Amino acid sequence: MPSDQAAPRRYEDFTTIDWIQDSIIEKNRRIRDADKARTAHRGVHGEITPTWVWAQCWKLLTAGESWFVITLVGGIFIGANAALISIVTEWLSDIKMGYCSDGWWLNQQFCCWEVESDEEFCPSWHPWSTIFLARWLVYVIFAGMFAFVAAHLVRTMAKYAAGSGISEIKCILAGFIMKGFLGFGTFFIKSLTLPLVIASGLSVGKEGPSVHVACCIGAIVAGWFHRFSRSESKMREVITAASAAGVAVAFGSPIGGVLFSIEEMSHIFSIKTMWQSFVCALVATFTLSVMNPFRTGKLVLFQVTYSRDWHFFEIIFFVILGIFGGLYGAFVVKFNMQVAAFRRKHLANHAVAEAVTLAILTAVVGYPNRFLRIDMTELMSILFRECEGGGDYDNLCQLSAQWPMVNSLLLGTFIRMGLVVMSYGAKVPAGIFVPSMAIGATFGRMVGIIVKSISRAYPQSGMFTVCDPDIPCITPGTYAFLGAAAALSGVMRITVTVVVVMFELTGALTYILPTMMVILVTKAVGDFIGTRGIAEETIRFNGYPILDQDDHSSNVAVSEVMKKDLSILYATGMTVNNVEDVLASTDVKGFPIVASKSSQVLSGYIGRTELRYVLDKAQHMGDVTPETLCSFSRQASDQEDFVLSGVTSGSALGAEEDVAVELLEASNDVLKVWPWVNQTPLTVSPRLPLEIVMQLFKRMGPRVILVEEQGSLKGLVTVKDVLRFSAAEKSEGDEPLWDVGELEAILEVMWNWAVGIMDTSLGWCTSVVRQRFG
């Protein structure tokens with residue numbers, strides 16, 4: 001049997017999954033499996049037979065298959081892949097600065113493993129030059145080269161490897177089909193280019209892409225098992241668990257990963273999925289710990305432990321950090337969407353040039369600043385430390401250099417903010433977690449240094465009298481830590497996850513309360529401004545048909561939104577030729593079925609894919625002519641309930657190949673399509689508030705909802721219809737963030753100016769050539 005005549009492919013690229021239909025399919029499969037299991041029994045006298053033994057073994061294997069897949073995904077693949085990416089990233093980041101004479105494959109940390117001081121005291125580590133400008137030039141060249149290779153590989157081999165991937169995975173988990181987004185090509189290219197992008201110095205992170213890579217691993221491994229490859233719902237469980245493992249290995253935070261999958265990724269989260277996410281995150285983190293990529297016992301570079309407590313007067317400064325986090329999130333989301341609109345309009349065909357330009361610009365601007373020059377994860381590990389016990393870096397803790405440090409940190413904060421706005425969304429693997437945390441850390445450390453200097457200058461002041469004179473009163477590293485939490489929460493609009501991730505990074509119970517305070521203030525500021533998280537805004541910008549949890553509508557009826565001009569089928573009286581004409585004249589994904597031309601009484605709904613499958617299968621069997629009648633409703637002569645190869649209750653959804661053949665062979669002079677018809681589609685009244693219809697889409701996940709009144713079909717509504725109405729309903733004062741704004745207008749002027757200069761230069765060169773050579 002040809003492959004295209006096998007079971008119908010129900011979901012095409014850029015369509016949505018009907019979760020109700022998928023549940024019916026899965027139910028029918030369970031019924032067939034149960035029927036097959038009942039046929040395997042003991043002998044006549046109760047003796048054990050090989051068939052019975054095999055049935056029991058198969059039952060045991062099936063029961064543990066899900067947990068085996070979850071363990072395989074998290075343990076062997078996600079954890080190992082994360083460790084390898086971390087090792088390669090560290091080496092590529094250091095190769096821009098110099099090389100190790102003991103072995104070219106060693107990064108600076110391993111090259112100077114037995115040396116506890118800075119690089120100038122490490123005889124094995126050699127900078128590329130002793131001249132500042134020469135080192136700067138090599139740094140810039142490496143940055144541009146890394147960005148070029150990464151962008152070129154993404155553009156030519158795996159377009160879906162670009163970006164963070166979190167927005168698209170949220171849509172996939174909600175039921176949106178993007179074939180290839182979780183494929184092997186995307187996984188391989190993203191894993192290969194991610195270290196190059198981070199080493200190029202672009203103000204992007206690897207933590208968001210790590211989630212995408214983990215979900216690719218989950219989809220690939222689950223696809224090896226028939227039970228998962230044929231079920232969208234089970235595949236969603238594995239991908240959700242893999243997303244938790246991706247965050248777990250990115251931050252060394254298994255519980256934070258589970259909470260991230262609940263709070264940010266999945267629309268519907270069951271207890272079973274939570275346990276699977278927990279196991280997957282735990283096993284992945286354990287594997288990463290065993291591989292110990294940094295040889296420090298830490299899962300990530302910026303893990304830190306604090307030995308001192310905080311004081312109540314510091315709450316004032318914690319509030320400042322929370323306000324900064326909220327403002328930072330609003331600023332980045334707004335202007336990054338404007339940059340995305342400009343990129344779509346002018347730079348769609350210049351992805352490689354854009355990435356190289358941004359990398360060179362970042363290297364040129366960032367190299368003179370000590371806090372922009374080094375890798376962002378290493379930067380956070382430096383800024384989070386206490387000054388005592390080897391926490392000083394380049395005079396960061398020296399009183400004589402505190403104000404130059406404040407200036408450098410402030411400059412680094414605002415420069416990196418601008419670079420993040422410009423870089424996030426470029427056509428390379430790019431996350432925003434760590435860049436945001438790095439920005440918050442530099443700002444927080446600056447605030448901490450200022451507060452510490454004030455406490456030293458005015459030790460007898462009212463608020464500082466509670467400090468023990470024998471113990472440092474202020475720990476600037478904790479301010480960097482809290483600033484990082486505020487910035488991450490501000491740009492992603494996640495709360496509980498950030499608190500738990502930060503706790504797992506420090507292990508300090510005493511700093512849970514300050515972290516919660518900072519996150520609360522950040523959320524309040526973000527809610528006051530009315531900014532969504534950058535993942536939600538990216539979904540809206542790309543126009544994916546996914547309703548967010550916060551989407552709501554004013555008090556309007558569904559009749560104002562529904563489609564009324566429908567392509568319909570009639571339960572009886574239509575020939576195969578008539579049905580083919582309807583399929584050829586429209587490209588809709590499904591058809592409501594009514595009783596007849598004179599009666600609009602709703603009889604059911606059939607998907608385009610199922611209808612096409614039935615027609616092709618019947619014609620392939622050779623028993624159907626163009627004049628053969630099609631029956632879309634069960635007739636009195638049909639059995640009330642038929643049982644064919646395990647298909648029960650009048651539904652052939654999810655039927656295997658032999659079942660479909662048996663059903664079609666049972667049709668004599670009429671092609672019986674009704675077993676593939678959903679005879680009880682989800683319906684609502686035209687007067688039902690749109691708000692409730694939106695809740696049905698979010699919680700039940702149908703592809704379409706039919707609108708009927710007293711049994712008569714009036715229209716249908718889809719998620720796209722709801723989103724289109726919501727967009728039109730917005731007032732002028734609530735324009736999307738990606739409409740033309742201040743930054744996009746500036747970029748337009750700069751673009752036109754650059755194009756004008758290029759055109760003038762090209763015209764001048766052409767005229768000179770013509771004059772010289774005739």
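Backbone N, Cα and C define each Cβ position, glycine as well.
So that you can see what the record holds, here are the features copied from TrEMBL:
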type	residues	note
TRANSMEM	67-88	transmembrane segment
TRANSMEM	136-157	transmembrane segment
TRANSMEM	169-189	transmembrane segment
TRANSMEM	209-226	transmembrane segment
TRANSMEM	238-262	transmembrane segment
TRANSMEM	274-294	transmembrane segment
TRANSMEM	315-335	transmembrane segment
TRANSMEM	347-367	transmembrane segment
TRANSMEM	432-451	transmembrane segment
TRANSMEM	479-503	transmembrane segment
TRANSMEM	509-530	transmembrane segment
DOMAIN	677-732	domain 'CBS'
Distal contacts, the transmembrane segment (169-189) - CB-CB under 8 A, six or more residues away: 11-19, 153-154, 157-158, 160-161, 211-213, 215-220, 232, 236, 239-240, 243, 264-267, 535, 539, 544-546, 701
How about the transmembrane segment (274-294) and the transmembrane segment (509-530): at least 3 CB pairs under 8 Å, pairs 6 or more apart in sequence, or not? no
One stretch in 67-88, 209-226, 432-451 has more Cβ pairs under 8 Å to the transmembrane segment (479-503) than the rest, namely 432-451
With the transmembrane segment (67-88) as the reference, which stretch in 209-226, 238-262, 315-335, 347-367, 509-530 has the largest tally of C-beta pairs below 8 Å? 209-226
Compare 136-157, 347-367, 509-530 by their Cβ pairs under 8 Å to the transmembrane segment (315-335) and return the stretch that comes out on top. 509-530
Can you count helix, strand and coil residues in the domain 'CBS' (677-732) using DSSP? 23 helix, 17 strand, 16 coil
